[in-house]
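Residues or ranges marked as [4Fe-4S] cluster binding site in Swiss-Prot: CYS559, CYS568. The chlorophyll a B1 binding site feature in Swiss-Prot is assigned to HIS654. Feature annotation from Swiss-Prot assigns chlorophyll a B3 binding site to MET662, TYR670; the stated evidence is sequence analysis. As annotated by Swiss-Prot, phylloquinone binding site applies to TRP671. Annotation comment: Swiss-Prot describes 46-69, 135-158, 175-199, 273-291, 330-353, 369-395, 417-439, 517-535, 575-596, 643-665, 707-727 as transmembrane segment.
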Amino acid sequence: MALRFPRFSQGLAQDPTTRRIWFGIATAHDFESHDDITEERLYQNIFASHFGQLAIIFLWTSGNLFHVAWQGNFELWVQDPLHVRPIAHAIWDPHFGQPAVEAFTRGGALGPVNIAYSGVYQWWYTIGLRTNEDLYTGALFLLFLSAISLIAGWLHLQPKWKPSVSWFKNAESRLNHHLSGLFGVSSLAWTGHLVHVAIPASRGEYVRWNNFLDVLPHPQGLGPLFTGQWNLYAQNPDSSSHLFGTAQGAGTAILTLLGGFHPQTQSLWLTDIAHHHLAIAFIFLVAGHMYRTNFGIGHSMKDLLDAHIPPGGRLGRGHEGLYDTINNSLHFQLGLALASLGVITSLVAQHMYSLPAYAFIAQDFTTQAALYTHHQYIAGFIMTGAFAHGAIFFIRDYNPEQNEDNVLARMLEHKEAIISHLSWASLFLGFHTLGLYVHNDVMLAFGTPEKQILIEPIFAQWIQSAHGKTSYGFDVLLSSTSGPAFNAGRSIWLPGWLNAVNENSNSLFLTIGPGDFLVHHAIALGLHTTTLILVKGALDARGSKLMPDKKDFGYSFPCDGPGRGGTCDISAWDAFYLAVFWMLNTIGWVTFYWHWKHITLWQGNVSQFNESSTYLMGWLRDYLWLNSSQLINGYNPFGMNSLSVWAWMFLFGHLVWATGFMFLISWRGYWQELIETLAWAHERTPLANLIRWRDKPVALSIVQARLVGLVHFSVGYIFTYAAFLIASTSGKFG
């Protein structure tokens, strides 16, 4: 009996129903709830699993390099990045007829292939890779790192190599090592790679291990560093006529502050990027020496937090008690990490298109669209996860005595004010934005488009102007041609910035109008409503007026039985579940906005977005319907084309999405009756009844069915939009 799954819970292993399997899977990673778990084993298990995670990441990136080297056209693409379509990998499919073979044979390939929309070609090209051999070398190295990570994970589960709890809770040492080691040293190493390999490659110089020590990255070598003449490293940058990857128009500078974009590649100057990483390295190397460890010097985190007591007394005991609360709660730490990572992932989405770092990626429109959408969706899931673990912290780890009258306790004490203010903001944004959209729709429907309410986003335009955009005529700060900042910017710092801001060929500070104003507020509504649901879930996780003893029921409970009305749907898990729908909704608006604005920008018909985005029918007709036309003709009775796979995925995505509602709308009783009928039929069907099982089939729990429904909804939603996005963009621009 003891060998039955799940091994980590004897109670579940003895469950006579199929609940054993599903609950076993659901709690497999909830180490805290496992039998015989100790705090020490908990930390050690998580630590070891991190190495497994790293191994998977290295294996995955190694696979990307390997397949492109084996089946891609990297060397061909390098010769002409703007016109050769990069190949991700070959397709072998016995279902392909001759028309499909022809449709999918692209990019100079001999047979059917997938085109890469991930940007890896541009990334590898920018960092100095040039041949398939380079890619194979990288793949092998990452495979080696993957194996090392697996060995390290196994090693740290062996008794002699298991770190103690005190090692895991040594916050200062961890901060120092992560700041200096992880960020500082790796940023410095990356600066080194850019200066020694990538920048020479961009100037036609091929640096590898065999000539690494012979090629000086700068004509004067380390001289300027030791003599304090650092400005010499910035002199003679690449000229505006520089052809990337060649010596034509190349300079000798390695660390610059040019600003703006390389005219040919439309990406940031590599010498600016190297300078940026050097600055980051310096800051983090200093930061990683600030906390007190073995030598009795530097800051103590506990002292820092305990000192944060506002003198006016308006925040009670301030940050007292927070050090132990955070340091002893893995859920709190995970919540903070996820919140930070979520914000950074969203910033990556924004900056990858507005300030592209990789050569020629800005001209690969489908890749730009795919990467923006990809990073925004990931950011959404990570951020909702932050609140989920924040709520679990309040249920499992929060100690009221330890946090009496500090900022954490005061958040809980005035949660009604927080939640009601968020609710008011959401209602205000929602009704006003929808009201404006609907008014504009009615005006168009009745043939009086001139009666639309169109609000210019003057504050946002003023901010853009302050940063140097002149087209609005605000004449303020950097857009004021007579101002000292404007004139200094021409020579002293970032001379290319003002040109870049005022050029129409990039995505930096796009011109905005009434359509942008409206969709901005629609997105603000989505963000505030998602936040409202998540914040309410976390702040009410321990209890509410309706259910003061909520924390005793755990993170995810369906209801407290039939005798206590109104306790359904109020667990912290339910808040997370509802928030994910709103998160997906919001990111839908974000990606629709980004994609439509950019399609019109790339096609040169910006007026379509400006005129049609001020009313809902414009979005439905001129964005969704108009851009799905090529997609839904991917295959028809007369034949198929290279969009057919996306057309099929579009259909399949709708199917998966719709399946979600089956789980979300019908509940346990319906499924239990169905299961019992099916089991009855199975037992009476010849041949089928030879197959028997020990577990009595029972329906999923309410919470599990909601999870399954949510997963189908989310996956289907993303599949559908991914197919639409890639097909509509690649169908127009190749």
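Any Cβ shown, glycine's included, is placed from N, Cα and C.
Note that this is a predicted model, so its numbers are computed, not measured.
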Mind checking which residues reach the transmembrane segment (517-535)? Cβ under 8 Å, same chain, six or more beyond either end.
384, 387, 418-419, 422-423, 425-426, 429-430, 432-433, 436-437, 455-457, 460, 575-576, 578-579, 582-583, 585-586, 589-590, 592-593, 613-614
When you scan the chain for residues with a C-beta under 8 Å from the transmembrane segment (707-727), skipping those not six or more beyond its ends, what do you find?
117, 366, 369-370, 373, 377, 577, 580-581, 584, 588, 591, 595, 624, 627-628, 630-631, 634, 643, 646-647, 649-650, 652-664, 700
Pairs 6 or more apart in sequence, C-beta under 8 angstroms, 3 or more of them: is that satisfied by the transmembrane segment (330-353) and the transmembrane segment (273-291)?
no
Under 8 Å by Cβ from MET662 (chlorophyll a B3 binding site), counting only residues of that chain that are 6 or more apart:
GLY709
Per DSSP, to which secondary structure element type does CYS568 ([4Fe-4S] cluster binding site) belong, with helix, strand and coil as the options?
coil
Just jot down the residues in the same chain as TYR670 (chlorophyll a B3 binding site), at least 6 apart in sequence, with C-beta under 8 A of its C-beta; none if empty.
none
Can you tell which of the binding-site residues CYS559, CYS568, TRP671 lies nearest to the residue listed as 'chlorophyll a B1 binding site' in space, using Cα positions?
TRP671
Report the same-chain neighbours of CYS559 ([4Fe-4S] cluster binding site): residues 6+ apart in sequence with Cβ closer than 8 Å to its Cβ, ordered by sequence.
THR567, CYS568, ASP569, ILE702
Between 46-69, 135-158, 175-199, 369-395, 417-439, who has the most Cβ pairs under 8 Å to the transmembrane segment (575-596)?
369-395
Close approaches to the transmembrane segment (46-69) from elsewhere in its chain (Cβ under 8 angstroms; 6 or more beyond its ends):
31, 87-89, 116, 118, 120-121, 124, 132-133, 135-136, 138-140, 142-143, 145-147, 149-150, 152-154, 156-157, 163, 168, 330
